[in-house]
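Participant: This is the structure I want to talk about, given as structure tokens.
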Amino acid sequence: MATSKPASIAMISLGCPKALVDSERILTQLRTEGYQVTPSYDDADVVVVNTCGFIDSAKAESLEAIGEAIAENGKVIVTGCMGVEESVIREIHPSVLAVTGPQQYEQVVLEVHRAAPPKADHNPYVDLVPPQGVKLTPRHYAYLKISEGCNHRCSFCIIPSMRGDLVSRPVGDVLSEAERLVKAGVKELLVISQDTSAYGVDLKYRSGFWNGRPIKTRMTELCAALSELGVWTRLHYVYPYPHVDEVIPLMAQGKVLPYLDIPFQHASPRILKAMKRPAFEDKTLARIKRWREECPDLTLRSTFIVGFPGETEADFQYLLDWMSEAQLDRVGCFQYSPVNGAPANELDGAVPDEVKQERWDRFMAHQQAISAARLQTRVGREIDVLIDEVNADGAVGRSSADAPEIDGCVYVGNAATLRPGDMARVRITAADEYDLHGDAV
């Protein structure tokens, strides 16, 4: 008896790694139901666009992607953070089939069913989905989302209005997913959330179970358990709460990568207060010094905003001086951009665009010099490098100091035998502002 052809889905995933995990979850469910995933508009029965709505430029990119999908395919379902602005989307693109917000996985799947019904004779026991689900990253690393939402109300941010308050995943579920990923060949787990250090607060840190033993739903205990899997564990989106000090010994012992991604956003106490950043009075520089004393190889990554309403030249100079003292390893910087619905829009003291640009240029030049000097200290050392790509010129990988896509790379010569996913020992021979160069040994 002839069988029906399975429907095909194309997915466009925009924005942060947290949105990428949402896309993976949607695709995994659809694959379980027999849908095929295609990278082509032409072969897709319907296109799902997972949007970003964090800042205006991200919204513009999302609207452009929706328009392209409509032009190339015609049957488009919109989801993700910008989905909370359905009226805006439908005003510009009235032909979209459906619009859903973030975390509405079941609704997205339902809308896909309506647009392209699943294959009636699909047998899930024959067409198996791998235990780790559908992944959109290379097979040797994966994002591990531990919670959704955020309890903070930073004045420049609208994420809580889109994704709600903090909801932590059960620790047993997180660890079981991590275990499946490692069994599937993942060499690096990138722990993500809106606020990783708040993991478990909403659950009052109650214990869950993994492999028959109790584990507290808390960042430190989660990291200790993840270290048992024998792969790199990298922490992202960590706020500098006091208990963050507890993970530094795990890093010093080699159980967790010596890498902390902490979005400081600014250094001026006055601007931090206007931003309504948590723990803005912390003596952060003193803590950074203590962390590095305990774990000398610690890499610190952060992001900053310049040109925030009310930022004076004195505030900006305070930030530059703080950067000189902090000696952060990896830094991103954004010019402040008003976000529809953010309380910061009501603040006085808007900074002119040309001043924002000038401060951004100075900030990046300042940090570039710091980065170059810090990377220079690695020349002559041997380090472990996880290989991401192999080409005619050699291999490209990342050290413990480099998260994918946002940090630098290690360019590796003498790499004829290396393959993506290999862990190579590399002697560093040169460094520039952001990257290292070396040879496999």
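For all residues, glycine too, the Cβ spot is worked out from N, Cα and C.
According to Swiss-Prot:
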- C16, C52, C81: [4Fe-4S] cluster 1 binding site (BINDING)
- C150, C154, C157: [4Fe-4S] cluster 2 binding site (BINDING)
- 7-117: domain 'MTTase N-terminal' (DOMAIN)
- 136-373: domain 'Radical SAM core' (DOMAIN)
- 376-441: domain 'TRAM' (DOMAIN)
Participant: What are the other residues, in sequence order, whose C-beta lies within 8 angstroms of the center of the C-beta atoms of C16, C52, C81 at the [4Fe-4S] cluster 1 site?
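Facilitator: Going along the sequence, the neighbours come out as L14, G15, K18, A19, T51, G53, F54, A58, G80, M82.
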Participant: Within the chain of C154 ([4Fe-4S] cluster 2 binding site), which residues six or more apart in sequence place their C-beta under 8 angstroms from its C-beta?
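Facilitator: The answer is Q265, M275, K276, R277.
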Participant: Starting from the Cβ centroid of C150, C154, C157, which together make up the recorded [4Fe-4S] cluster 2 site, report each further residue of the same chain whose Cβ lies within 8 Å of that point, ordered by sequence.
Facilitator: H152, R153, F156, I158, I159, P160, Q194
Participant: Pick from C81, C150, C157: which of these binding-site residues has the biggest number of other Cβ atoms within 10 Å of its Cβ?
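Facilitator: In terms of Cβ crowding, the pick is C81.
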Participant: How many whole Å apart are the CA atoms of C81 ([4Fe-4S] cluster 1 binding site) and C150 ([4Fe-4S] cluster 2 binding site)?
Facilitator: 14
Participant: Please report the Cα separation of C52 ([4Fe-4S] cluster 1 binding site) and C157 ([4Fe-4S] cluster 2 binding site) in Å, rounded to an integer.
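Facilitator: Given the Cα positions, C52 ([4Fe-4S] cluster 1 binding site) is 13 Å from C157 ([4Fe-4S] cluster 2 binding site).
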Participant: I'm trying to understand the geometry here, so how far is the Cα atom of C150 ([4Fe-4S] cluster 2 binding site) from the Cα atom of C16 ([4Fe-4S] cluster 1 binding site), in Å to the nearest whole number?
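Facilitator: Cα-Cα, rounded: 15 Å.
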Participant: Please report how many Å separate the Cα atom of C16 ([4Fe-4S] cluster 1 binding site) from that of C157 ([4Fe-4S] cluster 2 binding site), as a whole number.
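Facilitator: Given the Cα positions, C16 ([4Fe-4S] cluster 1 binding site) is 14 Å from C157 ([4Fe-4S] cluster 2 binding site).
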